[in-house]
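The coiled coil annotation in Swiss-Prot covers 439-481, and the record cites sequence analysis as its basis. Swiss-Prot lists 230-243, 277-297 with the feature compositional bias 'Low complexity'. Here Swiss-Prot flags 18-119 as domain 'PH', drawing on sequence analysis. What Swiss-Prot lists as phosphoserine is 164, 167, 235, 237, 238, 273, 390, 468. Marked as phosphothreonine by Swiss-Prot: 232, 298, 311. The region 'Disordered' annotation in Swiss-Prot covers 173-402.
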């Protein structure tokens, strides 16, 4: 009678199977009496094949070891018999199988081999890989199924992939930008490099036409509000007068010995470069002009005191204002960026000179102005001078206009003034130290050349008819230049 767990098998080639253990063992037939028969056993992975003969190709029984729990030693009454048994696992309908080995060592080796076969039979379901196409992922890039469970924290590999993808995206975005680096700001020391750039000027009210110089009173000009005098470039410069007065306080202590010449009929644009000579030429310039100021001051004081209370600053500067207004009405308003900025620090406004002359009376000579704090700052660089222009020019830098003939004249006068000051300083150094005739001659020759060029420019401008009214004043200034040159000779 065959057992339920034993299967009849047909002919199988023995060499085609992997044999883990083989040998002759007595096997019990099972029943009450239990007959023991010699059988040739082959252990192949999780199967135990039973043959009647070693050379026989026909398998009598096939035992599936996955249906059994374990193999252990059988407690027999007579210990001299080496028997072991295969115990079935619960839930299976197979029966236990008993074996008897010839020796004890053979019994132990078979018990160990059969237990390994049982483990392989139980793990057979885990070793097999079954591919179910219905469970495939819908998206190629998803590495796991989107389940309802809570999402696990990202691993280091996942974070590295996210960082690399982000960096690739940033690099791809940078391809569209032509210059993604930080802007480089190169400081420019030269003023002319910033000239081509033009900024839009704010909208300003239209300028009012100038009145006749005789109908304009200095008292009205002083009392006008800021909004009315903003369009005129001459009067708008009074807004910058506190800055120019503060800038001129430091040079006032150094040049306290110098004296300012009196006011004349020449406009301020011509007086900028001739007004304040160096301390060495101040006495000669004063001797020719102090008689003019008292006459002009006393002649203006009489008609004004009857109408309004006396205001000393407008009285002193009335002729100066009239001449400058008449000159600007005849020639038109010049470019604010070139005319109002001067090398020696003086600008066209009348108010920077008011604190210096308000200390004295209208009849006092201009020598009282030596203690003034409004002396021009000689050594101040051009970019720090206060700008004299309208409110719109103060808010935004105006466009650069081509130089007019009067502006060229003004620049030529500035160059003559600067050259004369440099020559005077160098001559003072030469006279104070040991004589150096070679260097003195070189300096004098350069000064003569610059004076010759300036005189030629003035002559050309006068021939054009643009300076017909100021011809007497120019002659006097040219005489002063000749006097300066003669005094500076060693």
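Including glycine, each Cβ sits where the backbone N, Cα and C put it.
For each listed feature, how buried is it and what is near it?
Confidence for the coiled coil (439-481), expressed as mean pLDDT, is 76.
Long-range Cβ contacts of residue 164 (phosphoserine) within its own chain (separation 6+, distance under 8 Å) are none.
Under 8 Å, Cβ to Cβ, and six or more positions away along its own chain, residue 167 (phosphoserine) finds no residue.
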Give me the DSSP three-state residue breakdown of the domain 'PH' (18-119), ordered helix, strand, coil.
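The composition, in the requested order, is 19 helix, 45 strand, 38 coil.
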